[in-house]
């Protein structure tokens, strides 16, 4: 954990709760699909339907939760999210009737969608805008370690205890969400009030509020950037990259595991160093540097698909994973502060929820778009597609930066005018 974050009021408590819930997520991360298929006897279509309902539930409630958050504050809505996430896994434990898995998908998906809609406003209300980037970086670092540890534990439980191991993993997963919700309640009570939104006003969210980020021509560039970073980057690590490495770099399953482990370990090791660099250079330059890192990583990935020696392919693929992780570490503390900077005051929640909506859609689109194109265009076409996505992301960053420079100049002009007027008076 970041020492500076744990020194913040509630910092240690919040990160401990986050570590608990992400370890629970890791516990079932490698098990859910196998459990549905082998233990509950669902068809391939049934398993696909579960994950589709999970995703759709999150996407539907996400923008509404963001708009409500701007009205009632993030604290209560975040607790509602963890309640949904805590209940969902227990319907998988029950197993019968089989239709309960659909209810589990809806509850868990809705809880996830609600939570990511209010995550940024909640962190702003607790830690303030100045600490947002560092807290997000600390969360990302904790997630990498906790999910990895949870995945190992979940696999061990399922292997040793069979069906009971699966059920125990899902039950513990639900309890970790409950524990995280209790942590949030404790923080909210200690603070006694939210700093974001208008507490006490509980009127519904209007359609105009929900769609506002998608009609804001300036903010659309932020959404485009988010989409490019997910579809051609963050959303591919676990869904697309293993297949690319297997088919083009001819890596074995163990080799692919090594490459993914290098990515996780690199994030854990480097995030603390990178976040300090981000604080020195600023968020926009950090995002530019992330795009450059990802472009450079494609050279290593291309090499892994060209060289003949097995050890060289593995070494180049691991190098790709390391350089890609540096880009991930640069993005983690930088993107949400850019979202906050470009969102209208008092509308931060609904605007940040739109980015999490795009994030969810991007995670769905990454394998749906890139895997068929990889099959159709081959390895070279896949690399070209990746590069094109990064270039579009770079253009979006340039437009956002230009807009911020114009706003800064306008603010300076207005301030100078006010000083001049006071001088005349």
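Cβ coordinates are placed from backbone N, Cα and C, and glycine is handled just like the others.
Summarising the annotation, TrEMBL assigns domain 'Major facilitator superfamily (MFS) profile' to 1-406.
Annotation comment: TrEMBL describes 14-36 (among others) as transmembrane segment. Sequence-distant contacts of the transmembrane segment (14-36), counting only residues of its own chain at least 6 positions beyond either end whose CB sits under 8 Å from a CB of the stretch, comprise 1, 5-6, 42, 46-47, 50-51, 82, 89, 92, 101, 126, 135, 138-139, 142-143, 145-151, 153-155, 157-158, 166, 169-170, 172-177, 179-180, 183-184, 187.
TrEMBL lists 42-65 (among others) with the feature transmembrane segment.
The transmembrane segment annotation in TrEMBL covers 77-94 (among others).
Among the features that TrEMBL reports, transmembrane segment is placed at 100-119 (among others).
Feature annotation from TrEMBL assigns transmembrane segment to 168-188 (among others). Within its own chain, the transmembrane segment (168-188) has Cβ neighbours under 8 Å at 10, 13-14, 16-18, 20-21, 23-25, 27-28, 31, 35, 75-76, 78-79, 82-83, 85-90, 92-93, 111, 122, 126, 153-154, 157-158, 161, 194, counting only residues six or more beyond its boundaries.
The transmembrane segment annotation in TrEMBL covers 218-237 (among others).
Taken from TrEMBL, the feature transmembrane segment applies to 249-274 (among others). Same-chain residues lying 6 or more positions outside the transmembrane segment (249-274) and placing a CB less than 8 Å from one of its CB atoms are 2, 137-138, 140-141, 144-145, 148, 237-238, 241-242, 301, 304-305, 310, 313-314, 316-318, 320-322, 324-326, 328-330, 332-333.
Away from its own ends, the transmembrane segment (286-308) comes close to residues 225, 229, 233, 244-245, 248-249, 251, 277-278, 314, 316-317, 319-320, 323-324, 326-328, 330-331, 333-335, 338, 379, 383, 386-387, 390, 393-394, 397 of its chain (Cβ-Cβ under 8 Å, at least six residues beyond either end). Taken from TrEMBL, the feature transmembrane segment covers 286-308 (among others).
Long-range contacts of the transmembrane segment (314-335) within its own chain (CB-CB distance under 8 A, at least 6 residues past either end) are made by residues 132-134, 136-137, 139-140, 225-226, 229, 233-234, 237, 245, 249, 251, 255, 258-260, 262-263, 266-267, 270-271, 274-275, 278, 283-284, 286-287, 289-291, 293-294, 296-298, 300-301, 303-304, 307, 355. Feature annotation from TrEMBL assigns transmembrane segment to 314-335 (among others).
Here TrEMBL flags 356-377 (among others) as transmembrane segment. The list of residues near the transmembrane segment (356-377) in space but at least 6 beyond its ends in sequence, with Cβ under 8 angstroms from a Cβ of it, reads 55, 58-59, 62-63, 66, 113, 116-117, 119, 223, 226-227, 229-232, 234-236, 239-240, 243-244, 247, 384-385.
What TrEMBL records for 383-402 (among others) is transmembrane segment.
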